[in-house]
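Novice: Starting off with a structure, shown below.
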Amino acid sequence: MASKQLKLVIITGMSGAGKTVAMQSLEDLGYFCVDNLPPSLLPKFWELMKESDKMDKIALVMDLRGREFFDSIEPALDELDNTNFITTKILFLEADDKVLVSRYKETRRHHPLEPNGSVLDGINAERELLSDLKGRSQLVINTSNMAPRELRERINNEFQTEDKDIFNVQLMSFGFKYGIPIDADLVFDVRFLPNPHYIDKMRPLTGLDEDVYEYVMKWPETQTFLDKLVDLLMFTLPFYKREGKTQLVIAIGCTGGQHRSVALTEFVGKAIQQKYETTISHRDMKRRKGR
């Protein structure tokens, strides 16, 4: 592991400029994230991380909440710059004074440098203290005119690896009698389709069995619905991805989650797999006794 090049992103900048959103975005990109690590511990922390065979991307939030430790950040960064197995990138987030004041008023929080005084005084003091760090940052983003979604999109564009599609579609079948999946982003009800449950030889089977699958698929309403559903998903998925989502859960439900929803989930999953990383699961299929 020691010979492997490790990536470190240090997230810093003005309080209220979006560091939490940036950290969450990097976490979604597979980074191991630590908030408010004292800079003096940075070299020791990295020595521990390099021994792990599971962590090669680390993101650390460092700001003036730990002001008593912040003076040590420059020596710590100098030490990292001299370490040949670490690639360090500093992400500095800032915003205009007027925007930062407005954000503090909305949240009714005190500025960490002026807990009992003027928010603007705290902003000015923080901007001065961070000026040197901003000067050595590789990426500076002004979030004054950015919504959180837009910042997530910018972070994704800057840091996602080219060889990995970070957008995953999870297709899940389920039975309405057992409840709608609480983590579903989109839910489709296919109980309007003819039900194989009422055919004796198909009742103990599932939508994974050929007889059931062919029965569900033979109906014109099934084919029309699937054409429209796949077309809808292929149209909307790029926009969900653009919003900064890294995962979209699509749930397809029938009465018991055994026949119709299973067959349609398999079909839709195979269609989506042609363009997106896709996971297919059947939440309630094993509830049937004997399976």
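Even glycines carry a Cβ here, placed using N, Cα and C.
As annotated by Swiss-Prot, ATP binding site applies to G13, M14, S15, G16, A17, G18, K19, T20. The GTP binding site annotation in Swiss-Prot covers D63, L64, R65, G66.
Thinking about packing and proximity, how do these listed features fit into the structure?
Specialist: Counting every protein chain shown, the number of other Cβ atoms lying within 10 Å of the Cβ of M14 (ATP binding site) is 26.
The Cβ neighbour count for D63 (GTP binding site), using a 10 Å radius and every protein chain shown, is 22.
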Novice: Can you tell me the CA-to-CA distance separating A17 (ATP binding site) and D63 (GTP binding site), as a whole number of Å?
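Specialist: Roughly 11 Å, rounded to the nearest whole number.
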Novice: What are the other residues, in sequence order, whose C-beta lies within 8 angstroms of the center of the C-beta atoms of G13, M14, S15, G16, A17, G18, K19, T20 at the ATP site?
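Specialist: Same chain, not in G13, M14, S15, G16, A17, G18, K19, T20, Cβ within 8 Å: D63, L93, E94, A95, T143.
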Novice: Just to be sure I understand the packing, how many Cβ atoms besides its own are within 10 Å of the Cβ of G13 (ATP binding site)?
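Specialist: Summing over all protein chains shown, G13 (ATP binding site) has 29 other Cβ atoms within 10 Å.
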